[in-house]
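One structure below.
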Amino acid sequence: MEYTHQSSWIIPFIPLPVPILIGVGLLLFPTATKNLRRMWAFPSIFLLTIVMIFSIDLSIQQIENSSIYQYVWSWTINNDLSLEFGYLIDSLTSIMSILITTVGILVLIYSDSYMSHDQGYLRFFTYMSFFNTSMLGLVTSSNLIQVYIFWELVGMCSYLLIGFWFTRPIAANACQKAFVTNRVGDFGLLLGILGFYWITGSLEFRDLFQIFKNLIYKNEVNILFVTLCALLLFCGSVAKSAQFPLHVWLPDAMEGPTPISALIHAATMVAAGIFLVARLLPLFIVIPSIMSGIALIGIITVVLGATLAIAQKDIKKNLAYSTMSQLGYMMLALGMGSYRAALFHLITHAYSKALLFLGSGSIIHSMEAIVGYSPDKSQNMVLMGGLTKHAPITKMSFLIGTLSLCGIPPFACFWSKDEILNDSWLYSPIFAIIACSTAGLTAFYMFRIYLLVFEGYLNVHFQNFNGKKNSSFYSISLWGKEEKKKLKKKIHLLGFLTMNNNERTSFFRERTYSHRINRNVKSIRRLFLDSTHFGTKNLPFFYPHESDNTMLFSMLVLVLFTFFVGSIGISFSQEGIDLDILSKLLIPSIDLLHQNSKNSVDWYEFFINATFSVSIAFFGLFIASFFYKPVFSSLQNLNLFNLFQKNVPKKIISDKIINILYDWSYNRGYIDAFFEVSLIASVRKLAKFNYFFDRQLIDGIPNGVGISNFFIGEAIKYVGGGRISSYIFFFVLIFLLICYYIYLFP
């Protein structure tokens, strides 16, 4: 065991040779390296597998011994200054290392197929390997300086991958937005680190916690200054984990390749913020106002993320807002002091969300066979539907991930989310009501995604309803940029929707198919395929297809994780049988809500607690099915249902309210617009004023002196022309002026 801990310093550096060797290969042997580019997937996966085995071994030892191992190297610069670097191995490090490596391996396997067509394949694997290195360095850091260094490296890799297709302006803008937003949080984190170093004189976690606790108990520090420093530390996590109000970068980050979206949302970028709060929780718990602030930010993010997800038409942005909401649950749990529940949900959510993103990548891949490379179309759920028979394995995997995130037993997220909801009742009934209501909303928008994508009919075949020809494929440049100029075309989805490509979709999926269409689906497609009215007589229709085995393998492994990973946190203890592996791993742990009670609960208590949360989730599923499942269109044909709709009082007012809520959700709560007006526009005006001030005043003074000297010189050169008469004339003129001046002012 001692040898394993002593060798743990190498964990972050094991994946590092891959980006180094790729860089050297491109420098020395560019042609051979590019021709053999697919071979680099193997060393990337192999080295990360070694780290995973190492991490599992550390976790087993942690369960058996509950030990904390820290090793520090000190570099003394002078008598007053020394730098210390080291690594810390504890329960949090073990959990995060397993999470990073398992998800990372599956994403790399998936990416080998997903990115095989992309000429940036080598660049992608270079970034991914360095991303894993940076995240592993972050979780093994023993002090705040190392945390900040690897924190910035994690951010840098995220920006590179978000803007991976940098020739697309929207991807470049998304990268810039993520960078600028995170600069706010990272600047706060740096100030917080400096503030606590000034207070305690140490940056090592254990020393920092002990010194700070003693200072607080002895009342030897200014509580306002301490609270400000803690708030600044928390700002870093707010930005990195996309918490309100620094969440605006996360949906735009979906412009990167889908595999990196899975890694960012499951185990790296956004998980880093939760990790930092969990690591610094011993520091925060001695400041009650900070804990309350963390819980408040968490519950606001829970609600905001869920409400903004209900009207999105882009499948990846929908999942991004889902991630934002689930991270809010984790932050809420940490703010309540429920350390175990937060980390439990971090684990279960990581595998479920990775499964959903890889599933969405499979869907996007299959849609590209129809629409070509066009993210506005291949990620648009309005154009999907009926993918069940075309991609059955993807459908099954996506459904399992959806049910897990909805909180349906026995899938992973049910166990962790139920624990957070139960703890919220102990913390604040108001927070509990909000959290439980949002759980139902989560079930609604997640099942909405599933129904829009897999149920009904394939809507993309109806996009030529206006009778104009439109090729199914687009000309793609090197980085996926469309060569063809986009046209705004109206899409009529057979009574389902009339919209422009750039406009919103309907909040409810109100399909009104004709009687013939409802009776015979095959006749619909024959009708559309044969009709010359749609301008598609000579154009073949393509259908979505199932992904290849490499991509499906990663998804199926994540399905197994989604089924069974929740069992590690089952807190039942019946007749001497203790199934709670997570509690053993998290010793010592922090739990402010169960200080005087046992962690385990009996089956009856669990059943009572779970019934309520599961009922809310099923209610959300039912509402989503009612509005989005194709059977809803049949209900509209019933006279009783139509009569009910016509006789509902004030239906027009209710429709207006629904449209207002829809617009609010679709436009991201107008938060981006608010930042655009209040911050970006103000900064631009200030920049223009500074530009004017600099050019007209700062530069105007030396420029004015130079110009005046030029004109004076031009005037003087006519005086000294070599004529004696000119000299006498100017001499007499100046003499008379002097005399006149003396006469006026004696």
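Any Cβ shown, glycine's included, is placed from N, Cα and C.
Listed in Swiss-Prot:
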- 9-29: transmembrane segment (TRANSMEM)
- 40-60: transmembrane segment (TRANSMEM)
- 89-109: transmembrane segment (TRANSMEM)
- 121-140: transmembrane segment (TRANSMEM)
- 185-205: transmembrane segment (TRANSMEM)
- 258-278: transmembrane segment (TRANSMEM)
- 280-300: transmembrane segment (TRANSMEM)
- 327-347: transmembrane segment (TRANSMEM)
- 396-416: transmembrane segment (TRANSMEM)
- 425-445: transmembrane segment (TRANSMEM)
- 606-626: transmembrane segment (TRANSMEM)
- 726-746: transmembrane segment (TRANSMEM)
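Between the transmembrane segment (9-29) and the transmembrane segment (425-445), the number of CB pairs under 8 angstroms, six or more residues apart, is fewer than three, so the stretches are not in contact. Long-range contacts of the transmembrane segment (327-347) within its own chain (CB-CB distance under 8 A, at least 6 residues past either end) are made by residues 92, 95, 99, 237, 241-244, 270-271, 273-274, 277-278, 281, 285, 291-305, 412-413, 415-417, 419-420, 423-424, 426-427, 431, 435, 565, 568-569, 582-583, 586, 589-593, 599. Counting same-chain residues at least six beyond the ends of the transmembrane segment (258-278), those with a Cβ under 8 angstroms from any Cβ of the stretch are 92, 96, 99-100, 103-104, 107, 110-111, 114-115, 124, 127-128, 131-132, 135, 138-139, 147, 151, 154-155, 158, 161-162, 164, 233-234, 236-243, 250, 284, 294, 316, 319-320, 323, 327, 330-331, 334, 339, 342-343, 346, 349-351, 353-354, 357-358, 360-361, 364. Same-chain neighbours of the transmembrane segment (396-416): 322, 326, 341, 344-345, 347-349, 351-353, 355-356, 358-360, 363, 439, 442-443, 446-447, 449-450, 453-454, 555-556, 558-559, 561-567, 569-570, 610, 613-614, 617-618, 620-621, counting only residues six or more beyond its ends whose CB sits under 8 Å from a CB of the stretch. Note: the stretches the transmembrane segment (121-140) and the transmembrane segment (280-300) are not in contact (fewer than 3 CB pairs below 8 A, sequence gap of 6 or more). Panel annotation: around the transmembrane segment (89-109), residues 5, 8, 11, 41, 44-45, 48-49, 51-52, 54-56, 58-59, 62, 66, 68-70, 125, 128, 132, 135-136, 139-140, 259-260, 262-263, 266-268, 271, 275, 278-279, 343, 346-347, 350-351, 354, 358, 550, 553-554, 557-558, 561, 585-587, 589 of the same chain, lying at least six beyond its termini, place a Cβ under 8 Å from a Cβ of the stretch.
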